[in-house]
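For reference, the structure is listed below as structure tokens.
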């Protein structure tokens, strides 16, 4: 990229544009001057102490600005955000500028010590922490009110003055990553370390989980194929398959915790200290004092929030769940109609018609899930949660409850009310395959096709060079600012969560569920990689130590799978024949087995450590050294006080 920056007439010879700021057309000059001054001002004066340059094109100035930072500023920012880097003694420690020489790969002239993603994360952190001082409003916009401590960037965004902030792609590095990631079809692991260096830990951890989950599904798929081929109608033989399913769902989640710890320790995020969260951008209230930090920030009554949750959000969710069940009953009416039609005609066409209700229902489920998602986001935002983590937890809870009922209620009804294993197998197969096809089309193929068409139009309009590497920076910025925005890993994890439910809850009656899941995930890896590199803007890196609340969601699903599989085993003719006289004994026995399996599951979760022993030892060593350093500091202070 260095050659494409040469047209910038910047006094700083080492100015490296990392982040793009786009302001709305017609933004007043006094607003631009004030905002850019706050970005450039020193930290002591309430600024971000960054570098900023306007992007000048053939059409002149277009209210687009490039933001960078000096090498020293980025190193100080790395200490501020608490980045963890590898030391010369192979240990991982929080970076401090004073001890910079002890970190591996550091040199005063080595500007690659921090990855580009880390530099962009630091700039994003500094921009988001630009706070109003004595300003009462944004200059030039009296309606855009400010108060001391208010985030300037968030106010500009909500006022429509600031259109977007996004990090620039490094086209050379992206080309290398595309080649090693999905440029050629190969059997092997993904370049997770390269993904992490380019996109950050959150996205790298998602692709790591996707890859791990795909490999974990292979034993289920291998065992499921012979069950499908040789025991299709013999449900008695699925008892062993269901038992294996129970152990498998527990072991893979516990092993993932260990793999996650290994990855995040190597990347440094396992050791990053959680700081006090800033209020989220959508949080509003009367200006007050935070009793913990002492800072001025909006204050909103928790009682009002609880009233909104329990008197509005909860009834709305219950109403949506009722509507989902109502649609499910319509589906069963269609199933009955298709069955009656087949009995009357018994033709090839009538045989195909048996699958039509399930396909229609699968499409309706996807549509309802997406509509409900927008409603859940609106409600959760309206509840006015102070922290982003609280907002995400409430949103995920709403979405998971609805998606679980919407996707699996019909399967539970078929299995435990209708007792129709043949219809259960047919419905499970149709829902799984249809949802996978729809997701691949909606999330990857359609956005890629639209973006490809848009890029062709942009290249013609910009009259750019023939190859990407020769594209000027102005053309690159104009190309990227029109690309879609990646909204995070929420939908990707949700898709895997529902897939895990299809495989673990009822796969003993349809053993090929794991096979289709493996095939889908292989294409998902390539399509998601293509989506990240070609369809969306580059997202900001977000450090993370694990997959968050999704780990709990998957573990909850595995507990539910124990109950469903035990009930399916108890319903099998093989087990039913053991209790010919008393169904009560059968129910009690199944309940006892279910409790024993849950006990075994929790024992396994307890016995298998979340972190490998070598990482536990390294963490303990770091904690011991921190305590020793604190003791030495306290002894030094005590000695100085005695001298006085």
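From the backbone N, Cα and C atoms, a Cβ is placed for every residue, glycine too.
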395-416, 417-438, 439-460, 461-482 - the one TrEMBL records as transmembrane segment: 395-416
The annotated transmembrane segment range in TrEMBL, which must be one of 162-180, 181-199, 238-256, 257-275: 238-256
Stated TrEMBL location of transmembrane segment, expressed as one of 352-372, 373-393, 520-540: 352-372
Maximum Cβ pairs under 8 Å to the transmembrane segment (352-372) - stretch from the list 212-232, 238-256, 395-416, 496-519, 586-608: 395-416
Interface-richest range of 309-332, 395-416, 496-519, 586-608 toward the transmembrane segment (212-232), CB pairs under 8 Å: 496-519
Within-chain partners of the transmembrane segment (586-608) [C-beta distance under 8 Å, separation at least 6 from its ends]: 246-247, 250-251, 253-255, 257-258, 555, 558-559, 562-563, 566-567, 569-570, 575-576, 578-579
